[in-house]
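S.K.: Got a structure for you, written out below as C-alpha cells; questions coming shortly.
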Amino acid sequence: MEERTRAYLRGRFGDVYRRAEIDLPPRADDREWGYIPWTAGPDTTMVRHKSTLDLGSMTSFLERKCPRHVYFSAGTYDAPGAATMDEKHWQGSDLVFDLDADHLPRVTLGEDSYAEMLSKCKDALLRLLDFLERDFGFEELTVTFSGGRGYHVHVRDAGVYELGSEERREIVDYVRGNDLALETLVEAEPVGGRGLENPTEKRMLPADGGWGRRVTTRLEAFADDLIERGEDDAVATLTEFDGVGERSARAIYNVVADNTTAVKRGNVDVHPAFLTVARRYIDETVAAEQAPIDEPVTTDTNRLIRLPGSLHGGSGLEVQRLDRAALDDFDPLVDAVPETFVGHDITVELPTEHTVELRGESLTVGPGVSTVPEYAGVFMMARGTAEKATE
C-alpha cells in the first residue's frame, strides 16, 4: 500500500470516528485492548496489552490514533494492561465464536464473489445460532458482523464465564459435529412385553433435541420420499448407497413402508439393513447442518476480537452489532457501508479490472485511473486492489 493511500484511509477513518458512537463491551475496564495502526510495510504489528486506562476515553483514542483495526479481549483480568498473560491474572472469558468465509467448506475461494461468500457465511451463522439457542439454551447473545468476511457471536453467561480451553473445545466439537456417530448418538430403550425372561432393547435417535432431532428430521423426509417413489424407484435409489445391494434395498423399503412411524421416531433397529441408511444420514446431517466455526477463537480464553462500531482496515466496512430480529434482512454490503463514505467521488488507480458489489450495485472499474464513489474506492484500497490517485 502506497503512502498516499495509507494517509488517505487513515484520515477518512478518523472522520468516521469523529462521528461514531461506540458502545463498549461489558466490563470494558477489565479487558485487554489492542489495535493495528496504519504503519508502512507488508507486516501489520499489533499494539496490545493496553487497558482503557492506557488508552484514555475510547472516543478520544479513536479520533487521535485513527487505527486500522481495533480489538478487545474475550477475557477479563485483574490487571488487563500487564505485559504478560500471567501478570494479568485471568478472571473469566466470554464464549466467542468466529465464522469466516475462508474456513467454510461450501466456499470456493477464487470462484465465489465477495457477496456469495458473505451469503454462505450468514447461512452458517443461522445454523450456529440454532445450536446456541435451541441446544444450549443461551438467551443473551451478541451477534456482530466482523466487517470482513464473517460474523462473531459472544455468549456472556455466568455458566460459561470460567470455562477453560478444554471445556470450550467440547462445545466446538458439538457444534461442528466432530466424531458424531450412530453409536454415540443413539439411546437404548427397553422393549416392553410380559413374560420376557431377557428384556430386549431398541436403539433410538433422541428426536426431541440436539443432533438427534436434526438427523431424525432428515430421516422423516427420507421415509416420505421413499414411500412416494414406490418400491422399484426406491430400490434404484437405495442401491446408490455404499454397501446397499438390491436385496438390502428391498428390505429397507419394506421396513420403512411397514414401520413408517417407528422410523420417523428415530428407531434405527427396525431392520439390520436400515443401520446403513441411518449412518449415512448422520454423516449427511453433519455436513449440511454443522457450524464450521474457527476453533482457536473459541478455545482461546485470551483471544482479542474486533470492537463493534470500529472499522475493518481490510474493507472499510463497519464492524456492526446486529439485532437478532433484524438478522434475516441484514445485508453487510449495504448496511455496513459507513455513511461518511457515501455521496462523494474519488479517484483511484487499479492495475487490473476489478468488480465491486456494494450498496446494491455492481461497479466494474480499471485498469488505470477511475473516478468512483468513495465507499467503493475505500473498499478497494483497503483490500489492496487499488491505490489512491491524485485528484
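Even glycines carry a Cβ here, placed using N, Cα and C.
Okay, these came from Swiss-Prot:
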ACT_SITE  D98  active site
ACT_SITE  D100  active site
ACT_SITE  D294  active site
S.K.: Where D100 (active site) and D294 (active site) are concerned, what is their Cα separation in Å, rounded?
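M.R.: Rounded to a whole number, the Cα-Cα distance is 7 Å.
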S.K.: Which state, by DSSP, holds D294 (active site): helix, strand or coil?
M.R.: coil
S.K.: Rounded to the nearest angstrom, how far is the Cα of D294 (active site) from the Cα of D98 (active site)?
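M.R.: Here the two Cα atoms are 6 Å apart.
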S.K.: Around the Cβ of D98 (active site), how many other Cβ atoms lie within 10 Å? Please give the count over every shown protein chain.
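M.R.: Step by step: centre on the Cβ of D98 (active site), count other Cβ atoms within 10 Å, giving 20.
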S.K.: Return the count of C-beta atoms lying within 10 angstroms of the C-beta of D100 (active site), excluding that atom itself.
M.R.: 20
